[in-house]
């Protein structure tokens, strides 16, 4: 067998391997929990922040739903909504990057994988960014990096606490180095935010991996996570093959990282807003303390 044939066979093998994803909920009256199999009335599930009342499984939610759970009603004001990605490298693998962008934008109604803006939480002004995994796996490209950096700089200038809700597969490979450099750019802005003595809290949701984990997701004053969220850099299989040993079953979960000091606290989604408000008050962030 030639080397070319070997690679061709490998590609065929890899093409049938699918990443485990939560099934789409759809618009029906009932929803089945992928964790415990319980069938739940969809209206009740949504009323409970899309958390299974039987087993506590946190269903994946989109950026708009996340903002509605965190921000006081009517307080969120989006920033930089016009920013949209281009295709500077003319990248193409099985499909052209430009085609992927158009399709994803059409399917999600988003320009890119993060929404940023200012809001209030229990009356306290806060800068908020929410990544959306529906947009190319929440991957971090140049627009995601630029929007996050601008938000951090605004939070620093206005001395506002900052929350970034992370949900990402990592850097966007279709943008090459333009994607990777966002790690340093965002981290630099966060360092200036830290030097200003202002609170930054990342919330790690399922999944948070790759270059996002290796940069702004782990730079918080307080690192929060949702229960059982997948959090890591490289994939489990890659690590096992490198170390040549079996990893614990709960490896790369929020609970494992908390036990080993990488996560400060795990916050159930139904308690998130009150927890954020209490943490900000504890750090001296007062209601109406700054203009949003």
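Glycine is treated like the rest: Cβ placed from N, Cα and C.
In Swiss-Prot, the feature zinc finger is placed on 33-55, out of the ranges 10-32, 33-55. Look at residue 36 (Zn(2+) binding site): DSSP puts it in coil. Reduced to three states, the DSSP call for residue 55 (Zn(2+) binding site) is coil. Within 10 Å of the C-beta atom of residue 33 (Zn(2+) binding site) sit 19 other C-beta atoms, taking all shown protein chains into account.
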